[in-house]
Amino acid sequence: MHVPDGFLDAPTSIATGAVAVVAVGVALRGARRELDDKTAPLAGLVAAFVFATQMLNFPVGAGTSGHLMGGALAAVLVGPWTGVLCVSVVLIVQSLLFADGGITALGTNILLMAVTTVVVGWVVSRVLLKVLPKRVGLVAPAAAIGAFVSVPAAALVFTALYAVGGTADISLTTLATAMLGWHTLIGLGEGVITFLAVGAILSVRPDLVYAARGVITERDLVIKPKESVA
Amino acid sequence: MSETEKKRVPFKWVAVVIAVVALLLAGVVSYYASAHPDGLEYVAGRTGFLDSASEHGTADGPLADYGTKGVDNERLSGGLAGVIGTVVVLLLAGGLAMVVRRRSSSSTDEA
C-alpha cells in the first residue's frame, strides 16, 4: 500500500507528515516502557523481518497482489509503541533507499501502515485477549484477527485521505469499494503470516511475545497444584 | 517469568533464527514474489488515478525498486538489495530501540 508522490495534494501530505512526526515522537516516549535489554534487539529483528516479508507480494487474484504490512505483528511481538517505530523505520528505509513509497508521501505511509495497522491490530487483538479465556494458545489467533482487520482499516484511512486531498477527480464510492474489497483479501494473507510468525515465537519463547505477557503472568498467579505452567 | 520450564531456548538462538529467516526471505524467496501491482496500485489503475503518481525522488538510487545497480543477474540483483535492506533496517531499528530502552544496569548513556 505504499503511496507514491502525487496521489495526495501538498496540504494533505504536509498534514499527514505532521501527524506522523507527532505519532513517532509519542511512540519514542511510549516505547521506553516496552523496551529493555532483551526486547530492544528483538525490536530490530522484528523490523528486519517485517522489511523482508514486505518484499514477498502474494497474489490475491485478477492480476493483483498484496504484502504484509506488519503493524499488528510488530505490536503483538514487541508492543504497540515499539511497533510504530519498527514499521516507521521500515517505511523510511523503503522510501529513501528503495524508492518504494514517495518521499513527500512518507507521512501518509507512516500514518497508514505504521500507525493505523498498529493501532487497529493492537486494539482488536487486545480486546479479544481480554474477552477470551487467558490461554497462551489464543494469542496467535487473536493477533491474526487483529492483523486481518488492520488492512481494510488502512484502506479506509487511505480512502478518507483521498477524499480530503486526492489529486484526481474520481468517484469516492468506487474507490472505497475497490480499496476495501481488495484489502480485505490482502488482510487474509496478513492474518495468516501474523498467525504463523506469532505462533512460531510463542511455541519456543512465549515470554518474548509482548501481548502474551499478561496471559502468562495471570496464569502464573493462579494456584492450581495439579496444573503446571503450559 | 517462571523459571520452572524445563529447557528454555536461549534468546540468542531465537535471534539468530529470526535473522536468518529474514535474510532468506529478502535474499532468496523475494525472487518468487508476485510481480502484479499491489492492491493500491491496482485500484489506482482501475479507478483512473495511477497517472497522478510522480517520479520518485530517489528513483535513480543504487537500490531503487529493490534492484542493485550494476548487478545484471536479476536474482542476484534483487537478492542483494533485499539482504542490504534487511541489514540496514535491523541496525537502524535495533539501534533506535537500544537508545530508547530503559537500562537495567548503568551502561553508557547516549540519549
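Placed from the backbone N, Cα and C atoms, the Cβ positions cover glycine too.
On a predicted model such as this, the values are computed, not experimentally measured, just so you know.
Features as listed in TrEMBL:
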- A:7-28: transmembrane segment (TRANSMEM)
- A:40-60: transmembrane segment (TRANSMEM)
- A:72-97: transmembrane segment (TRANSMEM)
- A:103-124: transmembrane segment (TRANSMEM)
- A:136-162: transmembrane segment (TRANSMEM)
- A:182-204: transmembrane segment (TRANSMEM)
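For the transmembrane segment (A:40-60), the neighbouring stretch richest in Cβ pairs under 8 Å, chosen from A:7-28, A:72-97, A:103-124, A:136-162, A:182-204, is A:72-97.
Using a Cβ-Cβ cut-off under 8 Å and counting only residues 6 or more beyond its ends in the same chain, the transmembrane segment (A:103-124) has close neighbours at 1-5, 7-8, 10, 12-21, 23-24, 69-76, 80, 83-84, 87-88, 91-92, 95-96, 142-143, 145-147, 149-151, 153-154, 157-158, 161, 194, 211. For the transmembrane segment (A:7-28), the residues of the chain that approach it from at least six positions outside its boundaries are 81-82, 84-85, 88, 102, 104-108, 110-111, 114-115, 161-162, 164-167, judged by C-beta separation under 8 angstroms.
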